[in-house]
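Going by TrEMBL, these are the annotated features:
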DOMAIN    6-230  domain 'CWH43-like N-terminal'
TRANSMEM  7-33  transmembrane segment
TRANSMEM  53-73  transmembrane segment
TRANSMEM  94-112  transmembrane segment
TRANSMEM  118-138  transmembrane segment
TRANSMEM  159-181  transmembrane segment
TRANSMEM  201-224  transmembrane segment
Amino acid sequence: MWGQKLWLLPIIVFIAAPVFFLITYAIAVAFKHVDPAFPYISDTGTYPPESCVFGQLLNILALLIGMTLYIRFRQVDEMYQSSGRRLLLVFNKFAFGIGLLAAAGVSIVANFQESNVLVGHVVGAVLAFALGTLGYGWTQTIISYRTRLPGSTHILCHFRLTLCIFGTVLFLVGITASHLSFKKKKFITSAKHWKPTDEGFAEHLVATISEWLLAILNVAYLLTFLPEFKLFSMDPPQLTFHTTEAIGATSDEVALEISRDTSNQTALTKIDGLSNIKEVDYTHA
């Protein structure tokens, strides 16, 4: 009955993201790979052993985010499939595509450490933050205002809009402050070690705090799907057999059709004759 509690998924994502970040932060600080005062999230996953943990945890997070985005996509698609609102359905697919790219960005950031493949890491960060906030957040907010899914309210739509506005501001502030900080600092040691006496430290602090807040804000946006997820469920996938070769049928072809009725009782039917064989359906409950 896994499909009856879809609302747990955004909660798991919302809790997992900061916990995962704090785990790698603690390891990086313990090994003195970063200074405790608000390093970039990526800096806490650059060197081993924290880079190994960082990669594994963020890959899990990317998968959980992708699952959440898929459920949201299916919600809108199922509710408005027969409405004749073709533009809305296309826009919903577009938003889902942007969201998947953002989730892929999280995985890329995890697997392409900045000290190893900087270009790949930057691409992943742009996908995760730019498409996550400026892309998926805004497109879903537009969809929220243009639809009325069960569980949705005007207050919820306004809250999503507020998150998008703050997210956009944090993104722009973070990018600007990061550029200014690296422009000012003289890198005598490592770019991952900043002291209050360093030139550009104030800008660096603004940039890193903006990044942490933006990361939390992005998963907080997914948490707003919870009221709508509570009123939807998802059925298990269906497995279909199209031939009888797998069960060693001879010239006297035999197909076994296995199905489950509403009381979860299993029915086994033996069908003789190749002419009667169309397909074999198996629904895994």
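Counting begins at 1 with the first residue displayed.
Positions of Cβ are set from backbone N, Cα and C atoms, glycine also.
The stretch in 7-33, 53-73, 118-138, 159-181 that contributes the largest number of Cβ pairs under 8 Å to the transmembrane segment (201-224) is 159-181. Just going by CB pairs under 8 A, the stretch in 7-33, 53-73, 118-138 that sits most against the transmembrane segment (159-181) is 118-138.
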